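Novice: Before we start, here is the structure in question, set down as structure tokens.
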């Protein structure tokens, strides 16, 4: 069953050039779904279109758009508590003049009624999920953390709301290999144990082949291949997909040589 089903999604710029060319996309419920492709293929545009985050100079059309079996009219009603978004611009999510503890509890209480103590408990739990301790984070300002720490705080701010769907645009790109794998392990655990759904945009094919159940391959604004993980492991693939995987293998070989 699909949680999101969008048909004939097209994105154009002001010159009427199609950047995304009439794609059909389903995000399957309680699975880790992935969208892969080279830089500039349009992966982030698709994520922003699903969330209605596109810049004003781009237009988006589709034949139908359903979320959890219902036609979508105003997606903003789902933000936070039902749909979480992990973007690449994590540094812009927190201001520099308010301590992170206050900002995180405010985010939680914006979406859920509850006491400050309850919010702090949720914040503490989410920080532990991303291998951070509250005592090291809550009384600090964002500029006092490293980029990797701040990204993990940002991921925690999304996870603590326990959304039904998480759309993640390169969620571990700024993390080292150890913390990146820990975050992916956590996201996998959330999907498997808590029934949540993940749509991840990434160029990390190692993560895709290890964690994902359904995969889309995007090239120049078009989906040129799709299928479950067994298709990508065992079936004959599109030449473009073959090149992506071959390049990944070469990178790993160069790294270990």
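Glycine is treated like the rest: Cβ placed from N, Cα and C.
What you are looking at is a predicted structure, and each value in this text was computed from that prediction instead of being measured.
According to Swiss-Prot, the protein carries these features:
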DOMAIN    4-245  domain 'ABC transporter'
BINDING   37, 38, 39, 40, 41, 42, 43, 44  ATP binding site
Novice: Compute the centroid of the Cβ atoms of 37, 38, 39, 40, 41, 42, 43, 44, then list the same-chain residues not in that set whose Cβ lies within 8 Å of it, in sequence order, for the ATP site.
Specialist: 218
Novice: Work through the binding-site residues one by one (37, 38, 40, 42, 44) and point out the residue whose CB has the fewest other CB atoms within 10 angstroms.
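Specialist: Among the binding-site residues 37, 38, 40, 42, 44, the sparsest Cβ neighbourhood within 10 Å belongs to 40.
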Novice: Return the residues near residue 41 (ATP binding site), defined as same-chain residues 6+ apart in sequence whose C-beta is under 8 angstroms from its C-beta, sorted by sequence, else 'none'.
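Specialist: Residues satisfying the criterion: 218, 219, 220, 221.
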Novice: I'd like the number of other C-beta atoms within 10 A of the C-beta of residue 43 (ATP binding site), please.
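Specialist: Within a 10 Å radius of the Cβ of residue 43 (ATP binding site) lie 23 other Cβ atoms.
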Novice: I'd like the Cβ neighbour count for residue 39 (ATP binding site), meaning other Cβ atoms within 10 Å of its Cβ, all protein chains included.
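Specialist: Summing over all protein chains shown, residue 39 (ATP binding site) has 7 other Cβ atoms within 10 Å.
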